[in-house]
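**Student:** Residues or ranges marked as active site in Swiss-Prot: Glu106. Per Swiss-Prot, the feature Mg(2+) binding site maps to Asp10, Asp105. Per Swiss-Prot, the feature domain 'UmuC' maps to 6-187. Taken from Swiss-Prot, the feature site 'Substrate discrimination' covers Phe15.
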Amino acid sequence: MTERRIIHIDMDYFFAQVEMRDNPKLKGKPVIVGGKASSRGVVSTASYEARKYGVHSAMPMSQAHKLCPNGYFVTSNFGAYRETSAQIMSIFRSYTDKVEPMSLDEAYLDITELVRPDLPASKIAQYIRKDILEQTHLTASAGVSYNKFLAKLASGMNKPDGMTVIDYQNVHDILMTLDIGDFPGVGKASKKVMHDNGIFNGRDLYEKTEFELIRLFGKRGRGLYNKARGIDHSEVKSSRVRKSVGTERTFATDVNDDEEILRKVWELSGKTAERLNKLQKSAKTVTVKIKTYQFETLSKQMSLRDSVSSEEDIYNIAYLLYNDLKDPDVPIRLIGVTVGNLEQSTYKNMTIYDFI
């Protein structure tokens, strides 16, 4: 039986990072997302600069203001977060259909079928993080292991912008020394019960019998018993049927030079063709999307009689669509090429290994 390989990707301070990307003046500042300092809401996300003051998620905004009076308080922009999340999930699905999103900014990926001797799971995780950085200008942390529990644990161990691998060689040492509050799923209430019963770290948990843990925590006790031993048989659950494949790029500065933009369209067409070939699919619609310097999103789609899958065919259609969309007086900050209405190709295509 092939050993499973699971990646857990967790975006770093996602909401705050999106705000800092879209407003460079916020970069390096203590950014607190959730609302005005005077509001009755709670903190959604705080940048690492704000966390140094003790600000954290779910904290009342009023308390965050007391701790960090010079912080930059930003109202949540869920439209931008959802749009960026969709980009990130699309990147995940360009590698595998076995993707289980847990929220806008984190997901599990089962990449067991992609791993081979010269392409370990850690390298695939690096490629995914690189794609996220190039396409969204955001950093992500990754955990790699042989089950979901350990992959999630690993993703939080080297933040921000880091990666940790937990394997059979290091799992015991990591779990035994882990603070009980750092076990995924152990909240404040559970932590108090743990402490009241002499459980302060993974070793203490490991030394409890399954019966003792069930007595303390009910059905959850069996799960805690398994976690102390690094056991988790849960599957990566994905019910999504792929409907489209695409790639977007945000320019470092706003651009209105056709030659530069079309070079990017060619690059995106190639990336999209690679992903189609990996899936052994072809497409009957092509869409080009642009976002102007004023953050206005425009798109145009063409439906085709015959399906396409090659870089040249996708580019030729994208070229026509871009020319219909463009306004020479309006610089753009983002361009994307997406193909949809997918169908199975009638010939053997290349695989991911031809493109990595």
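The backbone N, Cα and C atoms fix where each Cβ goes, and this holds for glycine too.
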**Student:** Could you tell me the C-alpha distance between Phe15 (site 'Substrate discrimination') and Glu106 (active site) in angstrom, no decimals?
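**Tutor:** A Cα-Cα distance of 12 Å.
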**Student:** Roughly how many angstrom lie between the C-alpha atoms of Asp10 (Mg(2+) binding site) and Glu106 (active site)?
**Tutor:** 4
**Student:** Taking 10 A as the limit, how many CB atoms besides its own sit near the CB of Asp105 (Mg(2+) binding site)?
**Tutor:** 22
**Student:** Measure from the Cβ of Asp10 (Mg(2+) binding site) and count the other Cβ atoms within 10 Å, all protein chains considered.
**Tutor:** 21
**Student:** Just counting, how many other CB atoms are there within 10 A of the CB of Phe15 (site 'Substrate discrimination')?
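**Tutor:** A 10 Å sphere around the Cβ of Phe15 (site 'Substrate discrimination') contains 27 other Cβ atoms.
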**Student:** List the same-chain residues at least 6 positions away in sequence whose Cβ sits under 8 Å from the Cβ of the residue listed as 'active site', in sequence order, or say none.
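**Tutor:** Non-local contacts for the residue listed as 'active site': His8, Ile9, Asp10, Met11, Ser155.
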